[in-house]
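Visitor: Next up is a structure, given as structure tokens.
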Amino acid sequence: MNLLFAEDDELLAQLFQLQAEILGYQVLWVANGDLAVQQALSYQFDLLLMDIQMPVMDGISAMQLLRQLGYDRPIIAMSAEEVPATGFDLVLKKPLQWPELQQQLAKFKAIPSIELELPTELKEAYLAHAKQLVQQLATLAEQQNWIDFMAIVHQLKGSAASFDLAPLGQLADQLQKEWKTIPAGQRTERATYFLEQCKACKLK
Amino acid sequence: MQTKVKVREQKILLVDDLEYNRQLLRNNLTALFSKEKLRYRAFNYFQAHNASTALLTFSQQLPELVFLDIELPDGSGLELLKRFKELKPECFVVMVSGVSTLENVKTSIASGAASFIVKPFTGDKILAVLKQFDRYYNKLPKVIEEPLIQKP
């Protein structure tokens, strides 16, 4: 079962993570409400635990934004103060007492994941398309046309994983995150490395 | 004489420059509509690969549900969203984007989007949106269907 733990107190988060992982939960920690919303929208978490007072975006605003976007999975609030419960599935009083927390967590169940339907023809058509894109990338890298290069990387990032090519999508995501920090003189080198990694993904 | 009741079929518009994405979305919408317990399941699909085609199709069809990619080759999906909401305020628009920054999400909501999907598509993300649409559509005031044949 996957938990998202949004809490700006790092030590508290580490403690929770340790204890929860012993019980077999997978935990991702984020330090503010903004990141909590972004992560929750991946729909990979069965349960969200949300601190209320957090920087950037507080826990109540984060919950409200998620609910507005149709997020219907359980969200637990954690707070030392009184919290209006509307929108939360449960409000836990801080400081958290582990035995009680453990009991409460046990009430929530893992949510079965819906598989994406992917007809073979569509998968194959996309694969051919992806191969073409990688070839185009090689040409654009030679020309040092980085604007078009990154536009294609962005496209791969957004689509590859849906077509059973998650590793390719991850490579693109990673490159996109790093790109702004790469000095102009090192772009060709980084792009070449990316293209080698793409080929290693075996676009059969 | 029994009066025939006009059954209005729901319309979905899919806007994405990549054909594969539209096909994938359509396949999965159809699959989810038939598998999951959703009230609304009879749909007509329309597709557009850029902003100008999308606007034309939207104004002709006035769909109930739209999946709208933010990054389009000839314009921003966010601008398009505003036009759609002017043409049909009750339309349920789902913004789709590879950029999951909260700024993007908030701007979408402020411009009238009902929901937001961060690419890549997964079954869980699409289902969550459909359930939300189901709840939303059920709350909308029902239009009284006019009989096709009026009694004299």
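Note that Cβ sites are derived from N, Cα and C of the backbone, with glycine treated the same way.
Note: TrEMBL annotation is automatic and uncurated.
So TrEMBL lists the following for this protein:
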type	residues	note
DOMAIN	A:2-109	domain 'Response regulatory'
DOMAIN	A:115-204	domain 'HPt'
MOD_RES	A:Asp51	4-aspartylphosphate
MOD_RES	A:His154	phosphohistidine
Visitor: Measuring CB to CB from the residue listed as 'phosphohistidine', give everything in the same chain under 8 Å that is also at least six residues away in sequence.
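Guide: When sequence neighbours closer than 6 are ignored, the residue listed as 'phosphohistidine' has A:Ala172, A:Gln176 within Cβ distance under 8 Å.
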Visitor: Restricting to the same chain and to sequence separations of six or more, state which residues have a Cβ under 8 Å from that of A:Asp51 (4-aspartylphosphate).
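Guide: The answer is A:Ala6, A:Glu7, A:Asp8, A:Asp9, A:Gly59, A:Met78, A:Ser79.
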Visitor: Under a three-state reading of DSSP, tell me whether A:Asp51 (4-aspartylphosphate) is helix, strand or coil.
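Guide: Where A:Asp51 (4-aspartylphosphate) sits, the three-state DSSP reduction gives strand.
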Visitor: Tell me the residue counts in helix, strand and coil for the domain 'Response regulatory' (A:2-109), as DSSP assigns them.
Guide: 40 helix, 24 strand, 44 coil
